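S.K.: Provided herewith is a single structure, encoded as structure tokens, for subsequent inquiry.
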Amino acid sequence: VGFKAGVKDYKLTYYTPDYETKDTDILAAFRVTPQPGVPPEEAGAAVAAESSTGTWTTVWTDGLTSLDRYKGRCYHIEPVAGEENQYIAYVAYPLDLFEEGSVTNMFTSIVGNVFGFKALRALRLEDLRIPPAYSKTFQGPPHGIQVERDKLNKYGRPLLGCTIKPKLGLSAKNYGRAVYECLRGGLDFTKDDENVNSQPFMRWRDRFLFCAEALYKAQAETGEIKGHYLNATAGTCEEMIKRAVFARELGVPIVMHDYLTGGFTANTSLAHYCRDNGLLLHIHRAMHAVIDRQKNHGMHFRVLAKALRLSGGDHIHAGTVVGKLEGERDITLGFVDLLRDDFIEKDRSRGIYFTQDWVSLPGVIPVASGGIHVWHMPALTEIFGDDSVLQFGGGTLGHPWGNAPGAVANRVALEACVKARNEGRDLAREGNEIIREASKWSPELAAACEVWKEIKFEFPAMDTL
């Protein structure tokens, strides 16, 4: 028969508006900004083609396979309200296009080449629907929310953390001292900063030893289980696992990884190691804003959050809504639910484009961190609820009397907010009053209230629908 060589419009093959999506399809919602003169159907079809089976011209080898079985399909396009020349293109991918249990492969396919495509001015992946048929091929988080609570024996309240500052420059012994004071004062966790790996002023092994010592001393004195996120992120996967092994040998409860800079392959390996060896895994999202901050290009953080739940992590940073970093309330709560819950309904007002069913994959605890202090505590308790980690770096270490009193202030504020909430008080309305009352019987909290009474980070949010 021969085949018809030449270049033909993508939309003839890849735009299929009458396609019925299958339960096993991976669905993607892209925000497409076509170049002038490119019709939206062609742009949407081009995205489907270039992220699945297509190439720029008809090829003879197409005849050796069944394109109908394997091609991505753009099945719906809608204009974005209030934006000129922007469309949401919905693409369905057959499950067979993806390697099982590999976030790396999923992203290489869906967001690999297509983002440099000339016919598009910009392209953003807004959401993915991961079908159970695919999510069940992943281990997911090493432990999940309930197992973590049981390991730590902490229930009915958010957990408290603190990133040790100055993030770079402390010796291991001084670093360990800062860890001890924070944990002794009443925090549940302290944290290595994301860029603390193994630098000349503090090699990883020394830090691990001094932090473990700090942890056990604080545990003995408070009778509570304590943790310090030991950052295992390293230049090679082998070195990363070596650090995790040493953490396990020290008997500490939790390690940490920078999952975007470290990469999904490394992260998934570490998550498997953590489940096999009883370590919790804290995930930092360093580099996320490079990918997710532009409104019209890149990937929304909710996609990176879903990818992390597949790859594996027990905590992940998720913005604060109130501090110094990005995060609009409804949108943030949208992906917080995607991290914690088993079943999340489609809700476009929160940026959730698809109903997501995680079946039995464990949940991830969202971490609120960045520019928050005691006055934010009522809002954070209300917004994030019990299954969260509230992390105050400067908001602990910046206390005028030092780290331990800073930790005391945060713990007192948190306990006051939880108690008030359980008594039925309205944290949003009475928050300041609740903190003021509590500070009457806690000099540490009173001092903290005084220092940060006027601090706000007020800028318009970038992350809008």
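Along the chain as shown, residues are numbered 1 onward.
For all residues, glycine too, the Cβ spot is worked out from N, Cα and C.
The annotation N6,N6,N6-trimethyllysine is assigned in Swiss-Prot to LYS4 on the grounds of sequence analysis. Positions annotated as substrate binding site by Swiss-Prot: ASN113, THR163, LYS167, ARG285, HIS317, SER369. Annotated active site, proton acceptor per Swiss-Prot: LYS165, HIS284, in sequence order, evidence recorded as sequence analysis. Look at Swiss-Prot and you will find LYS191 tagged as N6-carboxylysine, backed by sequence analysis. The feature Mg(2+) binding site is assigned by Swiss-Prot to LYS191, ASP193, GLU194, with sequence analysis given as support. For LYS324, the entry in Swiss-Prot reads site 'Transition state stabilizer'.
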S.K.: Are any of ASN113, ARG285, HIS317, SER369 (the binding-site residues) within 10 Å of the residue listed as 'N6-carboxylysine' when you go C-alpha to C-alpha, and if so which?
M.R.: none
S.K.: Cβ within 8 Å of the Mg(2+) site centroid (LYS191, ASP193, GLU194 excluded): which residues?
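M.R.: Neighbours found: THR163, ILE164, LYS167, ASP192, ASN195, VAL196, TYR229, ASN231, MET256, HIS284.
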S.K.: Please report the distance from the Cα of HIS284 (active site, proton acceptor) to the Cα of the residue listed as 'N6,N6,N6-trimethyllysine', rounded to the nearest angstrom.
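M.R.: About 51 Å separates the two Cα atoms.
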S.K.: Could you check which of the recorded positions (LYS4, ASP193, GLU194) sits closest to LYS167 (substrate binding site), going Cα to Cα?
M.R.: ASP193
S.K.: Could you measure the widest C-alpha to C-alpha distance across ASN113, THR163, LYS167, ARG285, HIS317, SER369, the residues recorded as binding substrate, and give it to a whole number of angstrom?
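M.R.: Result: 37 Å between the two most distant Cα atoms.
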S.K.: Restricting the comparison to the recorded positions LYS4, THR163, SER369, which residue's C-alpha is spatially nearest the C-alpha of ASP193 (Mg(2+) binding site)?
M.R.: THR163
S.K.: LYS165 (active site, proton acceptor): which of the recorded positions LYS4, ASN113, GLU194, SER369 is the nearest Cα neighbour?
M.R.: GLU194
S.K.: Which of LYS4, LYS167, HIS284, ARG285, HIS317 (the recorded positions) has the most other Cβ atoms within 10 Å?
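M.R.: When each Cβ's neighbours within 10 Å are tallied, HIS284 tops the list.
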S.K.: What whole-number Å value do you get for the CA-CA distance of HIS317 (substrate binding site) and the residue listed as 'N6,N6,N6-trimethyllysine'?
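M.R.: That separation, Cα to Cα, works out to 52 Å.
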S.K.: Tell me, if you would, which residue among LYS165, LYS191 (recorded positions) has the fewest other CB atoms within 10 Å in the structure shown?
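M.R.: Relative to the other recorded positions in LYS165, LYS191, LYS165 has the fewest Cβ atoms within 10 Å.
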S.K.: Tell me, by DSSP, whether SER369 (substrate binding site) is helix, strand or coil?
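M.R.: The three-state answer is strand.
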S.K.: What's the most sparsely packed of the binding-site residues ASP193, GLU194, counting other C-beta atoms within 10 A?
M.R.: ASP193
S.K.: Return only the integer: C-alpha distance in Å from ASN113 (substrate binding site) to GLU194 (Mg(2+) binding site).
M.R.: 29
